[in-house]
Each structure stands twice: as structure tokens, then as C-alpha cells.
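Encoded as C-alpha cells, the structure appears first; notes follow it.
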Amino acid sequence: MNIQTLGGAIGESLGSSLTVRMSGVSAGWGALSLKPLSSGRVTSLFQTMVPTGYTKLQEERLAMVDLGAKPEALPHQNGYRPETSHTEGRRHLDRTARSSVTLSDCGDGSYSETEPMLPKGSLSGEEGSDARNMPKESPWAMALQILVPFLLAGFGTVSAGMVLDIVQHWEAFRYITEIFILVPALLGLKGNLEMTLASRLSTAVNVGKMDSPIEKWNLIIGNLALKQVQATVVGFLAAVAAVVLGWIPEGKFQMSHAVLLCSSSVATAFIASLLQGIIMVGVIVGSKKTGINPDNVATPIAASFGDLITLAILAWISQGLYNCLDSYSYVSTLVCAFFLCLTPLWIVISSKHPASRTLLYSGWEPVITAMVISSIGGLILDKTVSDPNLAGIVVYTPVINGIGGNLVAIQSSRISTHLHFHSAPGEVPEEAKGCYYPCRTFCGSGANHRSAQVLLLLVIPGHLIFLYTIHLMKSGHTTLTPIFMAVYLAAALLQVLLLLCIADWMVHSIWRSGKDPDSFSIPYLTALGDLLGTALLALSFHFLWLIGDQDSDVGD
């Protein structure tokens, strides 16, 4: 069977009229009504709708199904080599199902969340997803691929902490302390949106769904538009949460401050999300071309400068709007209204792609819930910073939160990719069945066990590097005493240990429920990382103050 005979058969069966849903890079989505045509002309029409590369790819894969041929193994590159993962019976069933092309595959809304952001399964690299076997990496290759992005991300969070340590003395932060509640929520957008995007695209690359240029750009454009919608809405809701959480303890409310918070939050979320999304797409495409597993590098790089960019934009916009508060009070309202008015445009763009359209309706629960969790961490930070004796917590908060979120995002992305290869949605591997126990995460020789071990081993040396970097830059308000370092490292290690255990349980539970972990797990996990990191750090500083390890002027 080939594309010509397939087009003729469809033309003859549909008779006098045919409506085809089609997508193009520039033409967008539309419905094309055809008058009665001969089967030959219908065949020609179908040939024009399918690029030559797709035609050849489809013919080769259908021939593979008929002949039972096995694909050639992928070459070994950068310690990133394939291994056989699927059973022959499942291969045959999957390929047979994929060889049937239906009009519903072209975007009638029957898209499943467990198909990772793929607009058109019938014309994609999905037919070859079995030809791409599960990547296998040695622990050393895995560690080397993770190490450089991990260090870059760590230095990014260190820079963000140093910036926060400086801007906490600005007028906007001193007189509108609710901005501190915004900090974890807005920095958490990299987990809610950027890392989720990175995980989805990494899975799509690994299973072969970004091989064709048309689908790759449809996938990218749909994701970026969806991300801008989510960033704008989450930014607005984060400001509302900051106003409410700031009002409850003190019982004070000022409308001008509330409008400034909304404007700062929405503008920061929109601009930072757009910049980081573009960077993220470049990282994913570059990883694919160089043969590096994007699961190992995409999520850390997504956060490498994300915290710094977001925090710098938030500080600059907040201070600028605060300066205009007395003389030009309407500026904050105009800024907020401008970015909110752009939301319908992004909704229209994202709704033109079936995958992003699905998440446009179903992907809000984890994002909004994660924002609320991060805001609670922000409330803890706000109350801790308000105590002059605990001012040193500011510079370390982005570091411990960012590192924990980066490491758990890597593990979540790897487990999700593993499940996409080895299990059908709603089913989990044998080793993941039964009641969860913590040893299951770290004890074993599987790929996910090894990655959890590697990630846990990176915590202490990584944080030591970042602590000494802060010390050498003469930033912060805390001296690096042995007691402080021991307490801080214990808090960081406990945070990552808990996050990795939660990730193992959560990703498998989400997959068992039939949802895509790439879209649902990372927002929850990074938000929990923010909450755990801030809470454990606050407890550590309170403990250090009680035992007499006190500093409040280092770095001033």
C-alpha cells in the first residue's frame, strides 16, 4: 500500500463530497470542500497535501509493516545508544494501528493527553517511534551530560540570589513587602511552564515526533502560544494570591499596591516566559542535532538563567512602577491591561494546534495548584525576611529552591520518557506496581534507579560550590561557619531526597490515571521544591539563631 492507492481508495469511498481538515505552516487550519472528482484527481490532491518526504517515509514504514522488517539500530553517539524495549506482539499491533490513516487523526479534537504534544499522528515520526528504541546511557555518560547544565543552572540561581539580596533594600520591596510573596510563584513559572515545555519536547524528540520540519514547527509554535496564555493567567493569579496572603495576617489593603502587584506580576511572567521559551526551543533542537539526550540537559538549562532573568525583570518593573505611583498612578493599570489584552491572540494561535488546544482546556489544574503552593512558600519567605535577624535567608532561597527543582525535573522527565517507551497509558511496569516505598526509588540497577542515585550524589558537592561562590562574591548576610554549612547541606539533602521519592510515586500515579506526566508532574514537583526548600531553610536559620550562630551584616 502507498499514498497513491490510499488516496484513491479514500476518494472512491467518500463519493461526491469530501471535507478535509488540513494544517499548514502559513495557511493555518481550515476546511476544504471538494466537488465530485475522479479517483485519479483525488489521488493527485492527496499528493499535493503530503510533502514528498512524508510520502517516502510513509511508504517505507508501511513496507516495513508488510515485510516484518526490523529497523537498523541507531548509531552510538555521546554515550547515548539504543536498546530493544518493546515486545514483538506490541510492535505488530502498534504498527498495524498506525498504518490505518483516518481523517480524525488530522485534528478533530480526539487528541489524547498521553500523546506528547503531537499535532498529527498519521503524518509524523510516530510510525517510527518503535524504530527508535529506548536510549541507554552509562552512569558516567549520564553524569557528564547532567553535570554541565546542572552547574550552569546552579550559577544562575546563585546570581538570582545575589540579585534578590540587593533588591530587597529597594524602596518597592521595602514598602510593598508582598512582592516577596510573588518571588517563589514567578520563579516557579520555570517549573510550571519552561520545564514542562522542556519535558514535553524532550519526550517528543526521544520518541521521534520532531523529525519532520512541518510538525516540529507546529509543535513549537503551539507550545509557545500556549505557554504565553498560561504565563499571563498565572502571573495575574499569583498577584491576586499575593494580595490576599499579604492582607490576611495584617488586615491592611491598598488598591494602588494591589494594582502595582498585578502589573508587575503579569508583565514579568509574560516577558520572562517568552524569552525563556525561545531559549528552550533552541536548546531542544540543538540537543537533537548533537545527539545529547535532551532529558538530561533541557530542564537544567531551562532554569540556568530563568531565575536571574525573571528576578531582574520583576525588580526593574516593580521599582519603575513604584516610582510612577504618585505622579502617574494610571501607568500600572495600563501596563496590566496591555498584557491581558494580548491573551486572546495567544489563545487563537494555540487553539489552531490539536495538542496545544487540548492542554489549553485541561492543563490548568497543575499550573494553578503549583502557583498556590509556591505562593505559600513566598508567604514563609516574606515573614522570615521581615525579621532583621534572619535577613541572610534571602540570598540562599533561590539557590536551594532552584537546585532542588532542577534535579527533580530531570528525574521526572526521565521517568516519563521511560513510561512512554515501555508502557501503554494507564499501565505501569511490573517494578512500579504495588504500594510505594522509598527504597524503590534508589535501590536497583534500572536506568531510573541509577539516575536517582546520580542526582542525589550531586547535591552536596553542587551546593558546596555554590556556597563558596556566594562567599567569594562577598554576598549575603551569613558567615560560612562549619555549623551553618552542616545545617544548610542537611536541609538541601533532605529536600532533594523527599522530592525524588515524591517524583517516583507521582509520575507513575499520573501515568496510571491516563494523563501525561510531562504536563502534570513537573509543576507540582517544582512547587513542592519551592515550599520544602523555603520551609527547611527558614527552620535552619531559626535553629542557627537559637544556638548562637548569628550574623546579620555580612555583605553589607
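Yeah, the Cβs are placed from backbone N, Cα and C, and that goes for glycine too.
Straight from TrEMBL, the features:
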type	residues	note
COMPBIAS	83-97	compositional bias 'Basic and acidic residues'
DOMAIN	183-316	domain 'SLC41A/MgtE integral membrane'
DOMAIN	397-539	domain 'SLC41A/MgtE integral membrane'
REGION	72-134	region 'Disordered'
TRANSMEM	140-160	transmembrane segment
TRANSMEM	229-249	transmembrane segment
TRANSMEM	255-285	transmembrane segment
TRANSMEM	297-317	transmembrane segment
TRANSMEM	329-349	transmembrane segment
TRANSMEM	361-381	transmembrane segment
TRANSMEM	393-410	transmembrane segment
TRANSMEM	454-471	transmembrane segment
TRANSMEM	483-503	transmembrane segment
TRANSMEM	524-547	transmembrane segment
Beyond the flanks of the transmembrane segment (454-471) by 6 or more, those residues with Cβ under 8 Å of it
139, 142-143, 146-147, 150-151, 154-155, 157-158, 161-162, 395-396, 399-400, 403, 407, 410-411, 442, 480, 485, 488-489, 492-493, 496-497, 500
The transmembrane segment (361-381) vs the transmembrane segment (229-249): three or more C-beta pairs under 8 Å (separation of 6 or more)?
yes
For the transmembrane segment (393-410), sequence-distant contacts whose Cβ falls under 8 Å of one of its Cβ atoms, 6 or more beyond its ends:
146, 150, 153-154, 156-158, 160-162, 164-165, 168, 183-184, 187-188, 190-191, 195, 198-199, 295-296, 299-300, 302-303, 307, 311, 377, 381, 384-385, 451, 455, 458-459, 462-463, 466, 470, 475-478, 488, 491-492, 495-496, 499-500, 502-503, 522, 525-526, 529-530, 532-534, 536-538, 541, 555
Near the transmembrane segment (140-160), which same-chain residues lie under 8 Å Cβ to Cβ, leaving out any that are not at least 6 residues past its ends?
78-80, 187, 292-293, 296-297, 300-301, 303-308, 310-311, 398-399, 401-403, 406-407, 410, 450-451, 454-455, 458, 462, 465-466, 469-470
DSSP-assigned states of the domain 'SLC41A/MgtE integral membrane' (397-539) in counts, ordered helix, strand, coil
112 helix, 0 strand, 31 coil
Residue distribution over DSSP helix, strand and coil in the domain 'SLC41A/MgtE integral membrane' (183-316)
119 helix, 0 strand, 15 coil
Within the same chain, where does the transmembrane segment (483-503) have neighbours whose Cβ lies under 8 angstroms from its own Cβ atoms, ignoring anything closer than 6 residues to its ends? I mean 6 or more beyond.
396, 400, 403-404, 407-408, 411-412, 415, 438, 441-442, 452, 455-456, 459-460, 463-464, 467, 521, 525, 528-529, 532-533, 536-537, 539-540, 543-544, 547, 549
